[in-house]
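As recorded in TrEMBL:
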- 131-151: transmembrane segment (TRANSMEM)
- 188-208: transmembrane segment (TRANSMEM)
- 220-237: transmembrane segment (TRANSMEM)
- 286-305: transmembrane segment (TRANSMEM)
- 311-383: domain 'DUF1736' (DOMAIN)
- 372-391: transmembrane segment (TRANSMEM)
- 403-424: transmembrane segment (TRANSMEM)
- 430-449: transmembrane segment (TRANSMEM)
- 458-476: transmembrane segment (TRANSMEM)
- 499-532: repeat 'TPR' (REPEAT)
- 533-566: repeat 'TPR' (REPEAT)
- 601-634: repeat 'TPR' (REPEAT)
- 703-736: repeat 'TPR' (REPEAT)
Amino acid sequence: QICNQHNAEGPNLEQAFHRMAQTEPNLDHDVSWFLLPSYWSKMVVAFISFLCFANSYDGDFVFDDSEAIINNKDLRAETPLGDLWHHDFWGSKLSSNTSHKSYRPLTVLTFRINYLFAGGFYPVGFHVINIILHCTISVLMVDVFSILLGGLQFSNKGRRLNLAPKTSLLAALLFAVHPVHTECVAGIVGRADLLCALFFLLSFLGYCKAFRESKEGHNFSIFWVLVSVTLGAVAMLCKEQGITILGLNAVFDALVINKLNVLELIQKLLHKDKSLENVGLLRKGLLFRITLLMSGGASILYIRWRIMGTGPPAFTEVDNPASFADSLFVRAINYNYYYSLNAWLLLCPWWLCFDWSMGCIPLIKSVSDWRIIALAALWFCLIGLICQALCSEDSHKRRILTLGLGFLIIPFLPASNLFFRVGFVVAERVIYLPSIGYCILFTYGFSLLCKQAKKKKILAVAVLGILLINVMRCALRSSQWRSEEQLFRSALSVCPLNAKVHYNVGKNLADKGNQSAAIKYYREAVRLNPKYVHAMNNLGNILKERNELQEAEELLSLAVQIQPDFAAAWMNLGIVQNSLRRFEEAEQSYWTAIKHRKKYPDCYYNLGRLYADLNRHIDALNAWRNATVLKPEHSLAWNNMIILLDNTGNLAQAEAVGREALELIPNDHSLMFSLANVLGKSQKYKESEALFLKAIKANPNAASYHGNLAVLYHRWGNLDLAKKHYEVSLKLDPMAPGTKENYNLLRRKLEQLQKKGG
């Protein structure tokens, strides 16, 4: 049997793995919970985790999905697969100074496979994969928690024993139904966290396999240690947090495999005791295994650093205001406050928000701020748990508390601002992995309560109630993630001071054509954050469309003053100045936009319109040609070239440009219409007629299409057909310019012909 003394070693470490622990306290003994066979436990966990998030399967692409998926060229078949290894998560080159530096090529690869199998951007397939991944992870948690809570023990046949079937089931259920996971599951971009977690757990389980008895009789298998390191590298290629599993494997090895007493080790080191082997540090293989883990981790981080190329990403103050504070005290206080908020989200995941930046959490600037209480509460709990984990005489308690704290804290370290600045204040997605530690601590606390309580069934009912509430909260939160409108509006009550929330609500309303309501939210976003240039730009755009040009110019001028390289704002400012007939200023604004964004087809298009207004026809044609070179499907630029050449009598050139445009955009009915007009003037009636009819088939309710076809028939001498299409045109638009006059001319001509015939 395995002895429970702190420093005792069995005669053979290998034999200890293959015997049931008789004197080890069993966590399940006093717990009033369901006892199910392993297979049924996993089925229950899978079903309940599916139930929580099933209603997100037919949701839209929301929030960051647009940039990471819809606008990400790395998903398209024409992009070489090799580019995925040189681009960041958003499709930008890692070498670029503007890159986010989030290197997750395997996650992007799964998006690409989704896109190819679906034949386009259909969100259902993306959502289904996310739900399946979370269910798979939750099922794996049953095995992971059985090891973390019950210990790693094997039968004589090398089969791992589950010594905590009830508590491992409870912990897995707590993980499966935690509402804070909704962002990772219902938001498609959360795929990075899910894939990272999957390989994170596989790495841990692989490391555990290293201690199953091999045929050669060795205490551990180097092969499985290397497999674990490899899986850790794969986890990091899905998301950066994955690398932390190597540290957790080392902690697990020391505490569970070698039963290391950390406090005793520290005491011996302080007293320079030479009997360190008695505390297990030099037991066979431990240092070698930790060396393998550290070497693997260092190699992975070095390769990652080399790939990243140019230093850390550049974030702005609105992304993470505490990290820009001048005072070290203010930074430290606020970082710790952020930690307490993350802990609160694990304990009480009721107030959830898609974005916690831009004033959602005001900075703590003095010790008189009442929120300091949250920091004190956090560290009071942490210090208490750490003291118990180090000083308890119960080795079982020490092991579980240390593992719980390890899984809670270590995966969170990359998001802690301790090693580098991160681009967020609080992000629910980053506590997907740390929630493992929370579930361990919660389950252990429940087992201690059951041990002391006389009415254990009441406790079990209470925990069932918590699980049921969490299931309902997951379902509600998943439904909010189904569309941007619901997602953004749900954040208004949680973060009313968040300018980005108001901005996103406004943008969603503007996209749906509700400009009046959008203006209200954009104004609030600017009020909350007077330097919010994107809100100023969008508000200026709407005001420009409503012909409120003076205020639009003021907003756009302020935006480019705050952010001089904001190309879109410079272009929009140029459009407003053009409308105000300040042509020189407009031209200067357009060229400034192009200076800051070299490949800017829309700006070249607007510049061409300015030159056309100034009768600088050659400059206009050159600008529009630049737009079509940068964006061959730029229909408006092609159309304007055809119309300008047509109006200036260059029919042959207009025809050539029209044919070139239709080769690139064969189904564009506006191009068909413009070319048909040119061909009609060139007396190529048959070809012109064919294009008019094709354009009308594509857009049958365009009055101008019918009107111009009527003119063609009028010229051609097909008067009955001309009459028919004039009438259709006038029916669609009774005020169509010129159509009524032409129709009256035709009627008089038909009456004259009838009189002659009579």
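Each residue, glycine too, has its Cβ placed from N, Cα and C.
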For the repeat 'TPR' (703-736), what's the model's average pLDDT?
-> 88
By a Cβ-Cβ criterion of under 8 Å, what residues six or more beyond either terminus of the transmembrane segment (131-151) are in contact with it?
-> 21, 24, 26-28, 38, 41-42, 45-46, 49-50, 53-54, 56-57, 160-165, 167-169, 171-172, 175-176, 181, 184-185, 191, 194-195, 197-198, 201-202, 204-205, 208, 256, 399-400, 403-404, 407, 436, 439-440, 443-444
For the transmembrane segment (372-391), sequence-distant contacts whose Cβ falls under 8 Å of one of its Cβ atoms, 6 or more beyond its ends | 262-263, 333, 336-337, 339-341, 343-344, 364, 397-398, 401-402, 404-405, 441
Highest Cβ pair tally under 8 Å against the transmembrane segment (188-208), stretches 403-424, 430-449, 458-476, lands on 430-449
The transmembrane segment (403-424) in contact with the transmembrane segment (430-449), cutoff 8 A, at least 3 CB pairs, sep 6+ = yes
Tertiary contacts of the repeat 'TPR' (499-532), as residues 6+ beyond its ends and Cβ separation under 8 Å = 63, 318, 353, 355, 357-360, 484-485, 488-489, 491-492, 538-539, 542-543, 545-546, 555, 562
How many of the residues that make up the repeat 'TPR' (703-736) does DSSP mark as helix, as strand and as coil?
-> 28 helix, 0 strand, 6 coil
